[in-house]
């Protein structure tokens with residue numbers, strides 16, 4: 001009996017059954033994005049990176065002064081001009097690190113200084129495009145993800161902005177990456193820690209990012225079961241750590257305790273110093289700003305809003321909230337609402353999927369209608385301010401430091417019209433008309449640029465009482481040529497170059513930029 005029992009293993013402890021591990025993503029705990037379908041036979045990642053790099057090199061125009069004067073110019077100042085006494089804040093540090101690496105390896109050629117930061121930004125924008133595609137892929141049918149991806153890539157304003165060294169561009173990139181990890185209903189990619197870190201970084205780069213994220217953060221808090229843990233274990237530690245590191249870095253650079261984010265809000269929002277640079281009526285974003293930014297996508301966006309599921313309602317609320325809050329500020333610009341543009345693409349993708357028989361003709365029309373403004377604004381409109389700097393950079397190559405006079409350039413243009421030493425990268429003396437805002441409350445304050453344009457001849461006579469003090473080169477828009485003709489002839493200035501700038505001259509900005517050289 002015992003032998004029979006032993007053979008049948010009766011009463012003995014059963015061995016655990018070992019199951020073969022499955023490699024299928026169906027059984028994986030980690031959600032991954034299936035990118036192997038590709039675009040035009042090319043892997044999505046490869047296609048997106050190549051697309052954004054082409055995008056980078058086909059944008060050869062200037063947009064706003066901040067893309068240089070709040071990033072590259074500060075970084076150049078920190079690394080090359082005053083490395084022992086630098087003053088900076090979070091965003092320029094990113095480019096200063098790039099410049100420092102180039103300087104360390106003695107690869108700080110001017111073309112690398114100009115293009116490498118933009119290439120890095122293009123790669124980050126490509127990553128954001130991929131994450132947006134993956135997010136919709138995890139939430140919807142693959143067709144919705146593909147059409148959303150198409151809408152994102154063919155947006156003319158995204159093409160125009162996403163490779164520029166603007167704080168708004170980095171804010172938009174970080175916002176899109178954070179959205180991938182945000183706990184939207186049904187999301188399989190959410191991670192509260194990751195998205196909160198990215199939101200914190202976006203606020204450090206540009207404090208107004210909090211405007212976009214406020215409704216999303218409130219919604220997350222409202223939906224969260226363990227609200228206390230969310231606040232004490234995630235929001236407070238992440239917020240305090242990022243703000244603390246940023247403040248510490250800024251304090252080291254400024255040499256005193258400085259909270260840059262507070263100063264940003266204080267001057268731009270509370271004291272409304274930004275109004276010094278122009279103002280628009282309250283309805284401008286609704287009647288012009290948003291319409292221009294979203295461009296030909298507008299009808300698809302509106303149709304998509306009527307079709308989208310409830311999970312995207314918070315995104316629509318965020319878009320409306322952001323536009324309304326920015327409408328309350330006097331100073332308005334297209335780029336301020338750029339961070340909500342990727343949100344709009346979600347609704348555009350939904351609308352294209354539901355067009356059924358008209359899907360492909362509508363997509364082709366969308367592509368062509370975006371292609372024209374993308375190429376025009378990227379290759380033609382406002383390119384002169386970059387081209388003239390490229391022309392002036394040749395003066396560095398042609399000049400001999402041992403043979404006077406050394407080139408000396410004066411820009412008689414609206415202040416910050418051109419980039420500066422970040423695009424010249426040589427010790428040539430240059431000066432431009434300054435326009436710092438008044439921080440003292442003096443109602444009679446007039447900046448240097450305004451004084452010049454009020455009476456150019458008087459300003460030139462008082463600034464250069466002796467001919468020996470005059471610069472060797474003058475740079476100005478063609479709208480000033482007639483008014484300055486007497487001064488130019490009397491001081492032996494002759495036109496050396498005329499550079500196209502725009503087909504749409506306006507006010508003090510002309511169609512062409514003129515370079516006059518003194519003989």
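Just so it is clear, glycine is given a Cβ too, placed from its N, Cα and C backbone atoms.
Annotations in TrEMBL come from automatic prediction, not curation.
Nonlocal intrachain contacts for the transmembrane segment (195-222), taken as residues 6+ away from its ends with a CB within less than 8 angstroms of a stretch CB, comprise 90-91, 167-168, 170-171, 174-175, 177-183, 230-231, 234-235, 238-239, 242-243, 246, 261, 264-265, 268-269, 314, 317-318, 321-322, 325-326, 336, 339-340. The transmembrane segment feature in TrEMBL is assigned to 195-222 (among others).
As annotated by TrEMBL, transmembrane segment applies to 234-255 (among others).
TrEMBL lists 282-305 (among others) with the feature transmembrane segment. Long-range neighbours of the transmembrane segment (282-305) within the same chain, counting only residues 6 or more positions beyond its ends whose Cβ lies under 8 Å from a Cβ of the stretch, are 151, 155-157, 316, 323, 326-328, 332-334, 337-338, 341, 344-352, 354, 362, 365-366, 369-370, 373.
Counting only same-chain residues 6+ beyond the ends of the transmembrane segment (312-330), those with a CB under 8 A from a CB of the stretch are 184, 211-212, 214-216, 219, 269, 272, 274-275, 279-280, 282-286, 289-290, 305, 336-337, 339-340, 343-344, 346-347, 350. TrEMBL lists 312-330 (among others) with the feature transmembrane segment.
TrEMBL lists 336-353 (among others) with the feature transmembrane segment.
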State the non-local partners of the transmembrane segment (336-353) in its own chain: residues 6+ outside its ends, Cβ under 8 Å from one of its Cβ atoms. 128, 132, 136, 141, 143-152, 155, 157-158, 161, 168-169, 171-172, 175-176, 179, 208-209, 212, 285, 289-290, 293-294, 297, 300-301, 303-305, 307-308, 312, 315-316, 318-319, 322-323, 326, 359, 362-363, 366
